[in-house]
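TrEMBL lists Asp166 with the feature active site, proton acceptor. Among the features that TrEMBL reports, ATP binding site is placed at Gly25, Arg88, Cys89, Gly118, Asp119, Gly120, Ser121. According to TrEMBL, the Mg(2+) binding site annotation covers Asp119. Residues annotated as substrate binding site in TrEMBL: Ser164, Ile165, Asp166, Arg201, Met208, Gly209, Arg210, Glu264, Arg292, His298, Val299, Gln300, Arg301. What TrEMBL records for Arg471, 528-532, Arg566, 573-575, Glu629, Arg655, 661-664, Arg735 is beta-D-fructose 2,6-bisphosphate binding site. According to TrEMBL, the feature domain 'Phosphofructokinase' maps to 18-323, 403-686. Summarising the annotation, TrEMBL assigns region 'N-terminal catalytic PFK domain 1' to 1-390. Sequence annotations record features per position, and here TrEMBL assigns region 'C-terminal regulatory PFK domain 2' to 402-780.
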Amino acid sequence: MTHEEHHAAKTLGIGKAIAVLTSGGDAQGMNAAVRAVVRVGIFTGARVFFVHEGYQGLVDGGDHIREATWESVSMMLQLGGTVIGSARCKDFRDREGRLRAALNLVKRGITNLCVIGGDGSLTGADTFRSEWSDLLSDLQKAGKITPEEATKSSYLNIVGLVGSIDNDFCGTDMTIGTDSALHRIVEIVDAITTTAQSHQRTFVLEVMGRHCGYLALVTSLSCGADWVFIPECPPDDDWEEHLCRRLSETRTRGSRLNIIIVAEGAIDKNGKPITSEDIKNLVVKRLGYDTRVTVLGHVQRGGTPSAFDRILGSRMGVEAVMALLEGTPDTPACVVSLSGNQAVRLPLMECVQVTKDVTKAMDEKRFDEAMKLRGRSFMNNWEVYKLLAHVRPPVSKSGSHTVAVMNVGAPAAGMNAAVRSTVRIALIQGNRVLVVHDGFEGLAKGQIEEAGWSYVGGWTGQGGSKLGTKRTLPKKNFEQISANITKFNIQGLVIIGGFEAYTGGLELMEGRKQFDELCIPFVVIPATVSNNVPGSDFSIGADTALNTICTTCDRIKQSAAGTKRRVFIIETMGGYCGYLATMAGLAAGADAAYIFEEPFTIRDLQANVEHLVQKMKTTVKRGLVLRNEKCNENYTTDFIFNLYSEEGKGIFDSRKNVLGHMQQGGSPTPFDRNFATKMGAKAMNWMSGKIKESYRNGRIFANTPDSGCVLGMRKRALVFQPVTELKDQTDFEHRIPKEQWWLKLRPILKILAKYEIDLDTSDHAHLEHISRKRSGEATV
């Protein structure tokens with residue numbers, strides 16, 4: 001990318017017009033996408049139009065197509081559904097309707113269309129595009145448009161964003177709205193769990209997903225369900241026997257409740273629907289359990305979008321504008337989506353085709369094929385679910401090894417889910433499992449006990465750290481730690497925690513020179529709200545903290561909107577790492593986010609104050625500024641508050657809010673539960689392999705660098721990296737990785753807050769193809 005191209009972003013849209021519409025079923029996060037398309041479009045110099053009521057508005061024209069302004073998308077970010085309306089449209093299916101739609105666009109000089117919707121809506125857009133030149137010549141023949149108008153609008157660019165709570169679109173890891181729908185479902189499952197336990201009940205929960213079991217599958221992972229029914233993988237013919245056996249086994253193990261999750265499209269091997277009522281009747285008839293059915297219905301589409309969906313919607317909106325404005329008559333209509341944490345562009349029709357192939361495979365009862373087409377991430381979820389739910393823990397412990405699990409550092413939501421899956425996978429493999437209380441300190445003091453299957457029952461949804469966690473590092477207690485490793489015969493160590501878990505791992509590696517006992521395999525699973533562990537793009541607990549900050553910011557913005565002319569300064573956690581401040585800034589629509597990684601001076605503070613003074617002259621009379629707790633030792637939250645108060649006198653008043661430890665609490669979000677469960681399972685599979693490798697003459701001896709790893713998510717895959725190799729990538733003084741992927745999202749934050757800056761488009765996505773993507777896709 002040359003320097004000239006940097007500046008091109010600001011002028012890319014001059015003389016162009018973009019229309020944005022939402023179509024099909026609504027999904028939370030659509031508004032974030034609309035807001036981003038409007039603001040980035042305006043930033044590039046383009047005119048942007050809202051199309052109200054989906055394709056119907058495109059056909060009807062008139063007042064349904066209105067030019068958008070910067071302010072018209074304000075306060076939209078935290079609203080669920082779609083503000084510009086969506087409708088199922090019959091007219092657009094006929095050529096006559098599309099002819100009227102084309103006329104409406106040509107008359108306004110709009111040649112770029114951004115469609116946010118499900119696969120049906122996107123297919124419609126592609127048809128529209130392929131007919132475009134024919135439609136224009138018809139309009140010209142009928143004398144409805146002039147030859148000049150036809151030449152000016154000679155081709156139509158189309159970019160799709162997938163908004164669908166089902167996550168049923170192939171080629172995208174996550175569709176807009178999926179995460180929020182999971183939030184709604186998991187809130188309800190958590191609530192039902194408490195009542196089911198009181199009465200020893202069995203609950204059958206039906207979630208949405210006519211052709212796609214994603215919501216049902218992830219929900220069952222997130223709440224440790226006993227059974228899940230999904231359309232892609234019908235149960236074996238004797239499933240009734242199997243289900244009843246499972247339920248009674250869970251009861252005899254001491255569990256007071258059973259939870260069964262059913263996707264609305266669930267079927268058996270013959271394609272016959274399996275309904276929630278069928279399941280209830282079966283359980284009542286065969287087992288006599290008190291069984292209730294809850295159908296979640298449209299609750300799943302409702303409510304405010306989660307932090308993930310707001311960031312996803314915003315990032316996709318930015319990428320969509322870039323794809324539209326860089327489009328030529330030869331570029332195929334594309335979909336912008338997320339793969340791992342990378343923005344990608346995929347040919348729209350390839351995605352639609354694969355999505356249709358899945359449905360066709362299911363109709364033709366080729367279920368294995370359907371699972372494969374859903375992609376690796378879906379398969380992975382299924383494998384982990386099957387392991388955790390279906391296998392009976394072996395009774396004999398012959399040939400087994402002893403593995404210990406511990407938490408280190410500050411508490412983070414999702415730690416317990418990681419402990420649970422680590423413990424259970426270890427037991428399934430036939431190992432003996434020990435849990436260590438209070439981190440390395442507990443390991444030194446011998447606060448260690450054996451854990452069985454039901455020890456971790458119901459842990460998935462619990463926040464904090466049930467094992468107890470401390471920041472103490474191991475070095476000063478090597479003698480006692482070594483003694484306990486021998487005493488308890490510990491042969492592998494799973495360390496779940498934050499930056500201390502990583503530095504503790506480095507100390508263990510160092511200590512191997514003096515203490516043979518420390519020569520056992522260990523793996524670090526990153527779990528900290530700060531997301532500052534080297535070797536991983538995400539850590540367990542950060543998503544939960546982000547949602548907590550987001551909810552608080554929404555409330556604060558609401559209060560500021562009521563009082564008018566008020567600016568809030570909010571301090572977030574994160575140590576020196578600006579991840580929470582930046583991502584919460586994106587998700588809550590902040591005017592600025594001060595972080596350590598991007599040094600700022602008094603001139604920057606002055607520019608921000610001036611920016612807010614200008615903002616108070618518009619209809620949006622409120623401001624939100626986030627500050628990471630350690631972004632600058634002199635420009636403290638109080639200093640910034642005082643500066644804003646003084647400079648804003650007579651124009652706006654300021655308030656400050658330090659969020660504090662609420663960011664470490666709360667029940668884990670679906671993302672953190674699912675991520676933690678998968679990380680625990682993956683870590684334990686690696687561990688059992690490493691122990692076997694290091695087994696010599698009746699004892700374990702692991703002394704290679706690759707026997708002490710961090711398991712992290714890197715771009716699109718979960719990878720094990722030796723802790724010693726990560727040393728060079730770490731800034732130890734400030735406890736952060738030297739390179740952090742999310743810093744490239746900061747320009748988006750500034751553009752969406754109306755700063756005139758250069759958008760560095762050097763990191764933008766190029767068109768990829770699905771078939772290739774299948775093999776290299778994220779395994780999260």
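Cβ from N, Cα, C; glycine included.
Here the features listed in TrEMBL are painted onto the structure.
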residue : record                                        : Cβ within 10 Å
Arg88   : ATP binding site                              : 14
Asp119  : ATP binding site                              : 24
Asp166  : active site, proton acceptor                  : 26
Met208  : substrate binding site                        : 23
Arg210  : substrate binding site                        : 12
Val299  : substrate binding site                        : 15
Arg471  : beta-D-fructose 2,6-bisphosphate binding site : 17
Ser530  : beta-D-fructose 2,6-bisphosphate binding site : 30
Gly575  : beta-D-fructose 2,6-bisphosphate binding site : 21
His661  : beta-D-fructose 2,6-bisphosphate binding site : 10
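The distance from the Cα of Asp166 (active site, proton acceptor) to the Cα of Met208 (substrate binding site) comes to 7 Å.
Taking the Cα atom of each, Gly575 (beta-D-fructose 2,6-bisphosphate binding site) and Arg301 (substrate binding site) are about 36 angstrom apart. Spread of the ATP binding residues is 14 Å (greatest Cα-Cα distance among Gly25, Arg88, Cys89, Gly118, Asp119, Gly120, Ser121). Cα proximity to Ser164 (substrate binding site) (within 10 Å) is found for the following binding-site residues from Gly25, Gly118, Ser121, Arg471: Gly25, Gly118.
When the alpha carbons of Ser121 (ATP binding site) and Arg210 (substrate binding site) are compared, the span between them is 17 angstrom. All chains included, 25 other C-beta atoms sit within 10 angstroms of the C-beta of Ser121 (ATP binding site).
A mean pLDDT of 91 is what the model gives for the region 'N-terminal catalytic PFK domain 1' (1-390). Annotated pair Gln664 (beta-D-fructose 2,6-bisphosphate binding site) and Gly120 (ATP binding site), C-alpha to C-alpha distance, rounded: 41 Å. Here Met208 (substrate binding site) is compared against the binding-site residues Gly25, Gly118, Asp119, and the shortest C-alpha distance is to Gly25. Between the C-alpha atoms of Val299 (substrate binding site) and Gly25 (ATP binding site), the distance comes to 13 Å.
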